[in-house]
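Notes follow the structure.
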């Protein structure tokens, strides 16, 4: 009988990416892989799109809010139903372990696994834990963190960032699709790549639309999240979504303008790619992107610009400063010790799962 592992995590791409890196490794080693999530969530979309041999189990989900809302009352019942469904799934599958990447959908499966005596492993990407992982921590066997946590927590293992992105440009797959893009770009201009993520692309899209003069100063690549904006014209390439083209576009860019999600930031760090961070503010998030951006700026990896300050004048000043000190930023990024390979983390996770099973 094959070993089984349950994955959970969703709500944003960032809560799914690491799972999609780990899952093929478990499958290759003969594990039977299952995933608990929201059938209407991005986790289901990404699992389906991946084509991986994964059985998806849908549960009811309710959002965890830090503020009063009448929706909280309805969501209490959704979370309770999700917990009952998770208990049934875990009891039926009897997995060796559960791995959670966070997000509100992950809390019921984590609690269910703990109640049924299954080891629970959690990964936290941000500078501080989100509400879901703060709750899940109480039920976890081990929590792996990208950043060193300010609080000394007994279950925490500081790991560093896990990314499959690499620095060596010679290893980056060639893309014939980008040949057409290059025909519209000027070799005399710097190329900027704007990455807004699933929650933050709109501001970048609007900024580029409002300032057509940007195309006179730079080649612009804009990952929009909106197929209605798709365009290829002089010095401008707008595309709604990329998968295989993601890293070739990264390599093509001289500088990346990004939000403050930790997954993207550490990919840029792994590539030693010059970048400007425009983090989501507290009005649009819990403030984790502000913390991530400040951490990167203090380490000398990047420069940050707050969203209310995103004017053409301030943007041009930031570009000038980054390009003027490009060698310093790149040297600092190349010297980092904060990146781990997927194979390293997979081996660590497998060892920790084995240890947890033996201790039962």
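Placed from the backbone N, Cα and C atoms, the Cβ positions cover glycine too.
Worth saying up front: this structure is predicted, and the values here are computed from it rather than measured.
What Swiss-Prot annotates here:
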type    : residues : note
BINDING : 198, 289 : UDP-N-acetyl-alpha-D-glucosamine binding site
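The DSSP secondary structure for residue 289 (UDP-N-acetyl-alpha-D-glucosamine binding site) is helix. Within 10 Å of the Cβ of residue 289 (UDP-N-acetyl-alpha-D-glucosamine binding site) there are 29 other Cβ atoms, across all protein chains.
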